[in-house]
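Let me begin by presenting the structure, written as structure tokens, before commenting on it.
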Amino acid sequence: MGPGIVILFSLFGVLNGQGGKQISIDECCKDGRVRGIDNQDCTAIPLISESTTCRIVQEQCCAAVLEDNICTSGINMAKDQGACDTQFTGSTCETKTAKMCCDCCLLGRAAREHGLTCDHSLSLGYQCGLVSRACCDDGAPDVETSNSLVSDKDNETLTEKENPLPNNMCSSGLAKCAQECVGNSTCACFKGYKLKPDGKNCEDINECLLGASNCRGGEHCINTVGSFRCQREVSCGTGYELTDSNNCKDIDECESGTHNCSPDFECHNTQGSFRCLPKNQCGDGYIQDAMGSCIDINECLAQTEPCRPGQLCMNTMGSFTCQRNSINCGRGYHLNDGGNRCVDIDECKGPDGACAGHGCINLVGSFRCECQAGFIFNSISRVCEDINECRHYPGRLCAHKCENVLGSYKCSCTQGFKLASDGRNCDDLNECESSPCSQECANVYGSYQCYCRRGYQLSDIDGINCEDIDECALPTGGHICSYRCNNTPGSFYCTCPATGYTLAPNGRSCQDVDECVTGTHTCSVTESCFNVQGGFRCLSFECPPNYRQAGEIRARVERSDTIRCVKSCQPNDIGCVLDPVHSVSHTVISLPTFREFTKPEEIVFLRTMSPAHSSPQLSSDIVFDILEGNVQNSFDIVKRQEHGMIVGVVRQVKPLIGSLNMVLKLAMNYVTSGVVSHRNIVNVHIFVSEFWF
């Protein structure tokens, strides 16, 4: 443990202790070793610093002391009894350590008895190897160590500068001894060291393990490099400190300034403690308390008969006086002018008398008062006291509240009532006459209630003022108006987008303006006007080459209208004839931005003339497909049967946020025997409004 601790000291230096005090690693280790000597639990010892490093050093130094003590007991058992198995039983850590040291010591002694070298090549643990070599070397002829080289055992470290090689035949350096050369290239070690098997280097001898220390009873051996030291196992106790000579010395708290005497006291050192004595001394007739204050002594109580018979003792500050006894008259009497007898006192004499304005009747040795109405005579205090009528007659004098006054009482009413003309009962007060409410007031018995007109609500703070209800901010405010809600004092109004809509007669909904019907569109004569929600579109449909439009151009296109282009091939145009596309159609649809999209919306129906159940011999079918324009896969097409015919239904399966324009290109494939016989193309022009209405 010694070298490891020295390295730890050099690494960490000084730590911060509790209260900001600088604590070194040496102090942490010293505290841990003291607690180890006291056999304390090393894992639960009080910490002297908040530093984690100091805690580790405390625990490890404490554990090292306990481990050394346990190991030493095992070595002593091996030396004294020569056996270990019957002495150490159990599975505790302490028992295992003691038995290990005992067994390893027996191993070293066996090697010495059989004439084997102490530095054997067995793969033992580090501690077991040290114990084995120490017990093997103990008692063997010490030919490797020269005891005459160092006379003082207390030297803890020796360096090459402190112990230079002597000037002999080895000084040429051929021997290369670590400590000392004794001639003929033979190396030797200083006292406290022994020669290693290589014959040149030296290692420390653990005198504590070998039992070679000279520590006295009550002292604990601690091994050091090249030596050892003895430390007391029991601390000196409070008021003492351990000196370098391992003795206990009294701490002079007065000189060191560690006493707690106040400025008015003087510190006097004692063995193991100190005393605080007051600086100021009290004179005769006073005694000093623990705080140094001078307190008068009552000699009349502290002494037995300080005055002569017939005299009365009177205490004074710092002394006392003796006075002659006098006649004491009872209550209601006083001494006469001669001072020799007691006569009656007429308490009723004087401007006010003893009854303070009430009637007074003098009695021998006393008096009696004739009290006015509302008062009663107290025979103990002998005064007229007010009668508390409210307490004597509860609930019988006043309808609401009774308040006692001197010699009488008065009634009062609770809030919302006023005192009646009889001075006892209470009538309801009509608070609405003073207009306490901001709008409407209703009087109730003992109170009033404020209420508000439509569009207002009563304030939760005072219950008097009316506050405007913001209908637009209510949880249902988003559904009051189709587009925008505008709050006004006591009401609200709805508005619609600036163009394309008009407010409905109900004042809340927004109705689309059909610009194609009203003629407010800007489409040319060659374009078709199509009304969309909130606006219009000017559409122009042209047929592709080899196709001609069926029907005339319409100035206004409805949702159900279809502009159809049919194939019209030129003579001898084989490519046109073989093209399976027979027709290209255009249809237009306007969609809102769905506010709550919960299920697919069916928007287009592709009706065919093919029956749902065709002849099995024909093996024909119709296949619907979306070729282009399916943004984010927002649409699909399903096939169903209606009235015995095949119908393709285009559905919106995902919500779309407007405004948005797109063209959905659909195909109706007529399949016969697995081959597309012909195809019809339908272009659905979809306009999605930015509004939900």
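Placed from the backbone N, Cα and C atoms, the Cβ positions cover glycine too.
The following features are taken from TrEMBL:
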SIGNAL    1-17  signal peptide
DOMAIN    28-62  domain 'Anaphylatoxin-like'
DOMAIN    344-385  domain 'EGF-like'
DOMAIN    428-467  domain 'EGF-like'
DOMAIN    468-511  domain 'EGF-like'
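In the domain 'EGF-like' (344-385), the DSSP tally of helix, strand and coil residues is 0 helix, 18 strand, 24 coil. Here the domain 'EGF-like' (344-385) has Cβ contacts under 8 Å with residues 330-334, 406-408 of the same chain, all six or more residues outside its ends. Below 8 angstroms of C-beta separation, residues 414-418, 489-491 of the same chain, each at least six residues beyond the ends of the domain 'EGF-like' (428-467), sit close to that stretch. Confidence annotation: the domain 'Anaphylatoxin-like' (28-62) carries a mean pLDDT of 84 in the model.
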